[in-house]
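Below is one structure; the comments refer to it alone.
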Amino acid sequence: MSKKDIGLLLLILVVGAVVAAINPRFLLPINLANTSNLIGLFGILSIGQAFVIITGGIELSVGSSIALLGVLFIDFIATRGMDWPVAFILILILGGLIGLAHGWLIARLKLQPFVVTLCGLLIYRGVARFYTADGTAGFAFGQNFPTLEFLTAGRTYGVPNSFIALIVIMAIMWVVLHRSVFGRYLYAIGKNEEAARFSGIRTGRIIMAAYVICGVLTALAAIYFAMYTRSISPASHGNFYELYAIAAAVLGGFSLRGGEGSIVGVILGTILLQELQNLVNLLGIPSSLNFSVMGGVILIGVLVDQQWGAFRTRRRLVRAARAEPSTEGQRN
Amino acid sequence: MLNVPETSSFAGVEAPFLSLSGVRKSYPGVVALDNFSMEVAPGEVIGLVGENGAGKSTLMKILGGVVKPDRGTITVDGIEHDQLSVEGSMNAGIAFVHQELNLFDNLDVAANVFLGREPLRAGPLKLVDRAKLREMVGSLLKRVGANFSADTPVSKLSLAQQQMVEIAKALSINSRLVILDEPTSSLPLPETEKLLAVIKGLKADGISVIFISHRLHEIERVADRVLVLRDGILAGVLPKSAIDHDEMVRLMIGRALKARTAVSMQTPGAVALSAQDIRTTTYPHHPVSLEIRRGEILGLAGLVGSGRTELARVLFGIDARLGGEVYTDGKKLGLHSAADAVANGIFLVPEDRKLEGILLDFPIAQNISLPDMPAHSKRYLVSVRSENKTAEKQRSSLGIRAPSVATRTGSLSGGNQQKVVLAKWLAMNPKIIIMDEPTRGIDIGAKAEIYNLMRVLAEAGVAVLMISSDMEEVIGVSDRVAVMHEGQISGILDKDDLSQENVMLLAVGKKPRLAKREPEGR
């Protein structure tokens, strides 16, 4: 864990302690379980977003994709009678295809990530609403999928399985990002795409792969969200979820210019965001202020981080200047 | 405006407009300008010559107030300064016309000349007084002898005409000294004539001119005095009567060519890389063919913009080619990306080290391993041990001066950064290595090391293509030199015919003076 991660972890613990001191219900198993379930759901899609942000890109269509893929998943198993494992795989493939399309437009046709994924945001939301004729997609009374429900919304020894899924995905993605050749390429492209290309890296393919990973993880999150809410009104389901993911990454030390950030960071960012949500509920702050609290905390966090960095740079310069006093014309 | 002096050459009769005394400026690792003194009289035209890196641009930056000298004084109109600020330089009437034009081609001439300083109409709205603007610009254009009107869009003007707009812009601030930085380097001959006439006109108005050019014949024609810079010091001053082409060259080069390395003893081997009828997007109508042999260093000379870098980028697969084929060892390559080039042993040390050569934020070891990750990994996972081993080996063999291979590459000096770029390719056993300005911005010591390294590579059978604008380097290091002119190879010089003069003649598209044989090439 980097210094930044440890700082974030401390912040999470301090905020947790304060909330627990004011309202002891924070530490009740039911509250912890609910919060960790949400951490699992948002964590999965934030990891996907992280892969895109590392390359210097951005994926804005996450929320709409979650609505569209969620609607499709429920429709496949509830209305069309598809076997759920088949539907499950199909949705992941669809998510991957969406990512591939975005990656292709960005890496091959050189469109800006912001523009491509903003269009995705609008398109998928529209398609999702059209698909259900703006109705709510849900299960019929008495429809049950015990295995699927256990895997997505169930618990093991009190721990939500969605949270366990996040831990597994986190472990895999940690290896991919921090230990694999592919991960190295991602950082290289994020730092300086030109230099990466001049080192013989096929940067286009790597960027497309990052968007595919984001698409697949978003699809997985879409299934978890669908099974968590069990009914989806496509006009509002998943609204702003891309911003949760981006905020988690930024809090976790990612740079939107690319090339910086870690899996641990983005997970800690997700945890802090969900803790803040929980704080709003438990401390009796009007829930309408929810977004304002999150925005304020992110802004302060980024500001402190940036000022701290500037302070350290200044201190280093001052020290360096003292170490070699006035070497005018003698530097070699 | 000052009176026009009777004598054109400065002889201490008139108080100088500007004088520098004992000016020094050093950057980490290099003294760019040392103990430099000069005086500029009103209405004097000073020719300033020197090779790349001789200190001309540092001098310009000091006069423009962009750079603060380490010591020395600058006296303007009798007032002594330690340094000039950008504003101070402008207020003193020092104006620049840069080699790269800074015009907005979506605006017309008038708007460009007075951009941000437009005459305004009375009234609260502060509207631009178009009529007055046009009249003011019109009179400036007349002064520079322009044959176009103030409302012509800049996009419709030729390069020389655009240059006139720049000069008009310079005059519009009531300049007393106009500094022209290689104004003719991109101009065809007839247009150059016009520009020289403008310089004479400025002189007649009592305005001083510093004229920087590589084209010595133009200097001969207009300068009252020539200053020659070499390695940051004033190598000589030629009064009007002594201005002579050969003398300027002698002063510019000055010493025995330091760059000369042990000349290859071996005869070059088989053709390693052959480019046939390559057409680049910059010069789509000029196919270029080139052969590089194993064990030779082929220099690629030419003026800036002659298409050398474009050719190198195509050979490395970074840029798409419009036509032509590339062969290595007689085999046609499917060259569609830099990855293809790297897979076939063609490596490029790019022109812009910080943008293209290395990742400044990566540690040294990761920069070196980056192009060869498959060799540094097991089952897709990075082997840090293998990376570090290779990096350590390269660090000691190239003498990269850094605390460890985990050091951030951006914290190294330019020379050591360049060694990291070289190290990543050397670790992969190059067949063909293209170096684009490999010693630009590097101190003398590291330069010599890089020259030696190139020779060692060549002796090991590598084909080296070196693009360089440093004449000394081109002549000292290369076994053969190909010269480009406007997108084409204007000639290839063998060792016997290799001289600064011949390279220059080919670079401007003229015939070289060859020793024994008939001229070759096109």
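Note: Cβ is positioned from N, Cα and C throughout, glycine not excepted.
Checking the ranges A:36-53, A:180-197, A:270-287 against TrEMBL, the transmembrane segment annotation falls on A:36-53. Of the given residue ranges A:60-78, A:231-249, TrEMBL assigns the label transmembrane segment to A:60-78. A contact links the transmembrane segment (A:60-78) to the transmembrane segment (A:206-227), because at least 3 Cβ pairs that are 6 or more residues apart lie under 8 A. Proximity of distant same-chain residues to the transmembrane segment (A:36-53), defined by a Cβ-Cβ separation under 8 Å and at least 6 residues beyond the stretch ends, is recorded for 59, 62, 66, 113, 153, 159-160, 162-166, 169-170, 173, 177, 186, 210-211, 213-218, 220-221, 224-225, 228, 241-242, 244-246, 248-249, 252, 254-256, 258, 261, 263, 266-267, 269-271, 273-274, 277.
Simply put, out of A:114-132, A:206-227, A:291-311, A:206-227 has the most Cβ pairs sitting under 8 Å from the transmembrane segment (A:157-177).
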